Amino acid sequence: MDFVQHALLTASRGALTMSLNSSLSYRKELSNLTATEGGEGGAVSEFIAIIIITVLVCLGNLVIVVTLYKKSYLLTLSNKFVFSLTLSNFLLSVLVLPFVVTSSIRREWIFGVVWCNFSALLYLLISSASMLTLGVIAIDRYYAVLYPMVYPMKITGNRAVMALVYIWLHSLIGCLPPLFGWSSVEFDEFKWMCVAAWHQEPGYTIFWQIWCALFPFLIMLVCYGFIFRVARVKARKVHCGTVVTVEEDSQRSGRKNSSTSTSSSGSRRNALQGVVYSANQCKALITILVVIGAFMVTWGPYMVVITSEALWGKNCVSPTLETWATWLSFTSAICHPLIYGLWNKTVRKELLGMCFGDRYYRESFVQRQRTSRLFSISNRITDLGLSPHLTALMAGGQSLGHSSSTGDTGFSYSQDSGTDVMLLEDGTSEDNPPQHCTCPPKRRSSVTFEDEVEQIKEAAKNSLLHVKAEVHKSLDSYAASLAKAIEAEAKINLFGEEALPGVLFTARTVPGAGFGGRRGSRTLVNQRLQLQSIKEGNVLAAEQR
């Protein structure tokens with residue numbers, strides 16, 4: 001019986017050893033087959049592909065980093081997240097991708113174990129930080145579009161710095177476990193780089209995907225979903241407003257022209273407005289789909305590959321699919337400067353100005369040095385493809401072409417910096433009655449939002465100082481009166497009523513004011529009674545002693 005059990009155990013061990021050896025030999029054969037498949041043409045095509053990816057990642061992110069760094073007014077709070085995103089992608093192209101290029105040529109890792117672990121950590125860290133930064137940018141745009149008036153209070157400089165620090169700490173927590181025993185780091189001959197051994201610890205693979213990929217992806221879906229819903233609602237409101245305006249204009253013009261021509265022109269304008277707003281709505285939808293679609297296309301295949309490896313083993317994925325899924329994740333670093341950098345009108349025009357010299361600057365940037373907190377808000381809104389009309393309504397103002405009829409505040413827009421810069425200005429319904437004109441409104445103010453805030457702060461500071469001065473003056477007066485009262489009481493206690501000046505017992509009456517005279521006499525009597533009671537109390541106290 002023992003002999004049979006020993007034989008079965010030996011056979012099972014032998015089968016396991018054979019399966020492991022066959023697995024290793026199978027992967028080796030696949031590697032050799034992949035290397036020899038297509039001859040030198042396949043190796044050359046892979047080399048050219050990874051070289052192109054590396055160059056595009058490096059140049060694209062470097063251009064955005066330099067543009068934002070040189071033009072300080074562009075480095076708003078929102079663009080600080082973009083700056084961090086592109087800078088991390090640039091570091092990926094410098095510290096990781098060159099070694100991937102070398103490994104794709106040599107078909108092995110030649111840089112040692114230490115650098116293998118370090119490059120794997122860098123790849124995971126930068127990739128995780130990039131995905132989390134996309135989620136933070138979505139939150140920033142959410143507040144800019146849905147709550148533009150409280151955006152400067154919600155998204156502050158300190159909170160932006162704290163968000164960036166949190167992004168990197170969050171990413172570091174998700175990337176350190178392979179260096180401390182939960183999973184491990186290995187050179188993957190089909191990814192041509194050192195990565196975490198996703199097939200060894202399925203638990204870590206699922207943890208990293210949820211912690212660093214699924215979490216920001218859900219944030220993006222929720223935030224951009226709310227943004228698009230608000231854009232649709234505001235577009236309907238603007239469209240209804242234009243219909244009312246057209247009808248009123250038609251009624252006015254009907255008094256001068258025939259009703260037939262008026263109705264036809266009104267219907268044409270109404271149709272034109274509907275086309276414009278539907279186009280803006282489609283542009284916003286396209287922008288959101290591009291942002292989310294780029295994330296899914298670049299990172300989706302890689303997530304599917306590592307999930308398959310974690311659940312069904314290393315050999316379940318085709319080597320070619322594994323290679324291209326990994327390299328497709330590198331292309332996300334190409335999409336980021338395009339979507340979050342060049343998609344921005346202001347950044348794009350500044351970049352063209354840097355490339356084509358001062359002539360382009362003079363034509364496009366007359367007031368490019370003006371800075372504003374609401375410049376950042378408008379950037380976030382217009383980057384989503386929303387029209388100035390929608391931007392005005394989302395900020396709580398009126399559509400362009402309408403003046404405020406309720407009016408504490410109104411909004412006008414300027415294209416000075418290549419985007420819709422929002423300017424806050426005052427208006428009243430009495431001085432500015434509502435007018436419906438088809439011509440574009442004139443710019444009524446060039447005062448920036450920060451200037452308005454500074455003026456309000458100065459006025460509040462002056463009023464606060466005035467109130468403090470009045471309070472101190474009242475306190476000083478009260479203290480002086482209290483001191484005189486204490487002094488009078490002390491004199492009464494020591495010297496009696498005769499020591500006090502006679503003016504205290506003289507009632508001030510105003511001639512012709514009978515009520516004031518009677519009130520003064522009653523006050524005098526009350527004072528005498530109080531002094532008499534005090535004096536009698538002092539005498540009784542002396543007799544008792």
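Any Cβ shown, glycine's included, is placed from N, Cα and C.
The feature topological domain 'Extracellular' is assigned by Swiss-Prot to 1-46 (among others).
Annotation source Swiss-Prot lists N-linked glycosylation site at ASN21 (among others).
What Swiss-Prot records for ASN32 (among others) is N-linked glycosylation site.
Note on the transmembrane segment (47-67): residues 74, 82-83, 86-87, 89-90, 92-94, 97-98, 100-101, 104-105, 192, 327, 330-331, 333-334, 336-338, 341-342, 347, 350-351, 354 of its chain, located 6 or more positions outside it, place their CB under 8 angstroms from a CB of the stretch. Swiss-Prot lists 47-67 (among others) with the feature transmembrane segment.
Among the features that Swiss-Prot reports, topological domain 'Cytoplasmic' is placed at 68-80 (among others).
Sequence-distant neighbours of the transmembrane segment (81-101) (same chain, 6+ residues past either end, Cβ-Cβ under 8 Å): 47, 50-51, 53-54, 57-58, 61-62, 64-65, 68-69, 75, 111, 115, 119, 122-123, 126-127, 129-130, 133-134, 136-137, 140, 160, 163-164, 167, 192-193, 330, 333, 336-337, 340-341. According to Swiss-Prot, the transmembrane segment annotation covers 81-101 (among others), on the basis of sequence analysis.
Taken through DSSP, the topological domain 'Extracellular' (102-117) splits into 11 helix, 0 strand, 5 coil. Residues or ranges marked as topological domain 'Extracellular' by Swiss-Prot on the basis of sequence analysis: 102-117 (among others).
Residues or ranges marked as disulfide bond by Swiss-Prot: CYS116-CYS194.
ASN117 (N-linked glycosylation site) is surrounded by 16 other CB atoms, counting those within 10 A of its CB over all protein chains shown. According to Swiss-Prot, the feature N-linked glycosylation site maps to ASN117 (among others), an assignment based on sequence analysis.
What Swiss-Prot records for 118-139 (among others) is transmembrane segment, and it gives sequence analysis as the kind of evidence.
What Swiss-Prot lists as topological domain 'Cytoplasmic' is 140-159 (among others), and the listing cites sequence analysis.
Per Swiss-Prot, transmembrane segment is recorded for 160-180 (among others).
Sequence-remote contacts of a segment are chain residues at least 6 beyond its ends whose Cβ falls under 8 Å from one of its Cβ atoms, and for the topological domain 'Extracellular' (181-205) they are 27, 30-31, 34, 50, 96, 99-100, 103-104, 107-109, 116-117, 119-121, 123-124, 306-307, 309-311, 313-314, 319, 322-323, 326. If you look up Swiss-Prot, you'll see 181-205 (among others) marked as topological domain 'Extracellular'.
Note on the transmembrane segment (206-226): residues 124, 127-128, 131-132, 134-136, 138-139, 141-142, 146, 170-171, 173-175, 177, 196, 288, 291-292, 295, 299, 303, 306-307, 310 of its chain, located 6 or more positions outside it, place their CB under 8 angstroms from a CB of the stretch. Sequence annotations record features per position, and here Swiss-Prot assigns transmembrane segment to 206-226 (among others).
Confidence over the topological domain 'Cytoplasmic' (227-285), given as mean pLDDT on the 0 to 100 scale, stands at 56. Annotated topological domain 'Cytoplasmic' per Swiss-Prot: 227-285 (among others), in sequence order, evidence recorded as sequence analysis.
What Swiss-Prot records for 286-306 (among others) is transmembrane segment.
Spatially close to CYS194 (disulfide bond) yet at least six residues away along the chain are TRP109, CYS116, ASN117, SER119, ALA120, TYR123, VAL185, GLU186, PHE187, ASP188, judged by Cβ distances under 8 angstroms. Around the Cβ of CYS116 (disulfide bond), 18 further Cβ atoms fall within 10 Å across all displayed protein chains. In the three-state DSSP classification, CYS194 (disulfide bond) falls within a strand.
Beyond the ends of the transmembrane segment (323-343), by six or more residues, the same chain brings 34, 46, 49-50, 53-54, 56-57, 60-61, 63-64, 67, 82, 85-86, 89, 92-93, 97, 127, 130, 134, 137, 190-193, 195, 287, 290-291, 294-295, 297-299, 301-302, 304-305, 351, 383 to within a C-beta distance below 8 angstroms of the stretch. Broken down with DSSP, the topological domain 'Cytoplasmic' (68-80) shows 10 helix, 0 strand, 3 coil. Sorting the topological domain 'Extracellular' (307-322) by DSSP state (H, G, I as helix; E, B as strand; all else coil) yields 13 helix, 0 strand, 3 coil.
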